[in-house]
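Swiss-Prot lists His33 with the feature site 'Important for tRNA non-discrimination'. Residues or ranges marked as L-aspartate binding site in Swiss-Prot (evidence: sequence analysis): Glu176, Arg222, His452, Arg497. Marked as region 'Aspartate' by Swiss-Prot: 200-203. Residues or ranges marked as ATP binding site by Swiss-Prot on the basis of sequence analysis: Arg222, Asp223, Glu224, Glu490, Gly542, Ile543, Asp544, Arg545.
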Amino acid sequence: MHKYRTHNCSELQISDVGQEVKLSGWVHRRRDHGNLVFIDLRDHYGIIQIVFTDQNPQLMEDASRLRYESVVTVRGTVVARSEDTINNTLPTGHVEVLAVEFIVESAADTLPFVINTEKDAPEDSRLKHRFLDLRREKLHNNIILRSQIISHIRHLMMARGFTEFQTPILTASSPEGARDFLVPSRMHPGKFYALPQAPQQFKQLLMVSGFDRYFQIAPCFRDEDARADRSPGEFYQLDLEMSFVTQEDVFSTIEPVMYDLFNKFTDKKVSATPFVRIPYNESMLKYGSDKPDLRNTIIISDVTEIFRDSDFTIFRENIRKGSIVRAIPAPKAATMPRSFFDKMIEFAISEGAGGLGYIQFSETGETKGAVAKFLSTQQLDSLKATASISNGDAVFFVSDKKEKAARLAGKVRIRLGEELDLLEKDCFKFCWITDFPFYELNEETGKIDFSHNPFSMPQGGLEALENAKTTEALLELNAYQYDIVCNGIELSSGAIRNHKPDIMYKAFSIAGYSEEEVNKRFGGMIRAFKFGAPPHGGIAPGIDRIVMLLAEATNIREVIAFPLNQQAEDLLMNAPSYVEDKALKELSIMLSPSARKNAKKE
């Protein structure tokens, strides 16, 4: 017989009755019934009930003292449970093991939190003792699901002719939109590597190298703040690139992968392919977001022209100063109490709005609300037609500069969807957001900057860049850039790449980069493009976010084995941490006085 186990804890069935077995695992639960002690033994695979009887008093007494989460090896005989003790919630629920011997392989200390329930413990405690947290069923299953998803992705990609690669982790800094994690070089004092924010340049270089279809389950590193759907520090993406493709080719390649993946790992309804295509400007108008949740049926409308000549002075004056007005319908909300409308106004103000106007349309067509009395019958009819409002509905209004008004309307739309329970249940709604602006104004400097990926191809190519003589014209340029969105979560950005050096130099010069700086920062790729680069494009869906959706987790840390906390700290391994002066000296690094003072405190 094996030293530790003949079976796992999910394996034994009624057909095994009478068999002598050996099992190893963790003490999940213990119940003392006087003349019987029951232990639920748990391993990676499941749970089985172990029984200790008073036929062996010493063994039963020893079992009654076992601490939860101690690791034990048990030898015994499989017996059938009586009819009234069968547990149909367990695969092993028709049998139990009558113990004749057990060995404590490793005794557990007092637990910092309970393992055998899903009751929440403080997150910092969970992360500090992640090895315990990972034993909990839900989190344990999430990590198994993650492995299964990645394995299936590999199968799907290889079936489509993609080759898996590994690209460097130590590389050069690249403007991907976030801060780099820098790694000092001992051999080259004063110089630094950067951990890749994405394998962007390398995957493009592989296309130039003659490989046709690349993919990688790629680790990416970005020094950015945490969010519910974004883990600080490190994340993984399904990174892919293809040669000789158009935007539609990329869509038609990744859509069946997403459809197959979500259908395999969920029973929920998944959007049929092809997924809906929504241009960026249309998305910002209709949904107030570039990552719309299409489960929400509310459509935002622009009603600026209706209010331009109205008697509602506040909106009329805002419009005269360059603002717009957006209408957000609230279906069947006309009869909601005043507290509902007050609550919505408070929410809008908390999001930065100056206020939130509204009108209620009764089932008979009568209006209620401060805004209504300033609109003529013709204007009210026009409003109902433009915003698709029916009797029995309400409608909210925001007025501000275009970008802010769009964002505020989007926030109100999301909140209304939640408050009115409008989201379609049990479904995954996919869409593509296309035609992103190539440039944007940097909020801090007021200068032209890339809006997303600087390596994307501008629509219209070099001619479009050269003909855009004003800031306004530059901001109207679009890129062959796209996002795939599911249930309001951006899963990925992608683009058809700029593979022509002359267009790249021009695009970067508009964003304030000299040719010398471009050569210095992207010399390897620019040089490669001068030796025959194929048209190419790609995308990189986020693995963590995909798993988060399929696991129905509310926080991305629930699908990562060892995540950082919201302050980008690893509480288990105590990172980041100060290092010895000797190590800093080898790297030619000197701490600032304030940092040195903090280091001495530790």
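Using N, Cα and C of the backbone, Cβ positions are placed for all residues, glycine too.
Structure coloured by features recorded in Swiss-Prot.
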| residue | record | DSSP class |
| --- | --- | --- |
| His33 | site 'Important for tRNA non-discrimination' | coil |
| Arg222 | L-aspartate binding site | strand |
| His452 | L-aspartate binding site | coil |
| Glu490 | ATP binding site | strand |
| Arg497 | L-aspartate binding site | strand |
| Gly542 | ATP binding site | strand |
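Summary for the binding-site residues Asp223, Glu224, Glu490, Asp544: the Cβ-based neighbour count within 10 Å is maximal at Asp544. Sequence-remote contacts of a segment are chain residues at least 6 beyond its ends whose Cβ falls under 8 Å from one of its Cβ atoms, and for the region 'Aspartate' (200-203) they are 165, 167-168, 171, 174, 176, 214, 216, 239-241, 453, 455, 522, 524-525, 538. Sequence-distant neighbours of Arg545 (ATP binding site): residues of the same chain at least 6 apart with a C-beta under 8 Å from its C-beta are Asp229, Ile489, Glu490, Leu491, Ile556. Looking at His33, Arg222, His452, Arg497, the recorded positions in this record, the fewest other C-beta atoms within 10 angstroms of the C-beta turn up around His33. A distance of 54 Å separates the Cα atom of His33 (site 'Important for tRNA non-discrimination') from that of Asp223 (ATP binding site). The Cβ neighbour count for Gly542 (ATP binding site), using a 10 Å radius and every protein chain shown, is 23. With DSSP states grouped into helix (H, G, I), strand (E, B) and coil, the region 'Aspartate' (200-203) comes out at 4 helix, 0 strand, 0 coil. The two recorded residues His452 (L-aspartate binding site) and Gly542 (ATP binding site) have their Cα atoms spaced 16 Å from each other. Residues within less than 8 Å, Cβ to Cβ, of Ile543 (ATP binding site) and separated from it by at least 6 positions along the same chain comprise Arg146, Ile149, Ile150, Ile153, Ile217, Phe235, Tyr236, Gln237, Leu238.
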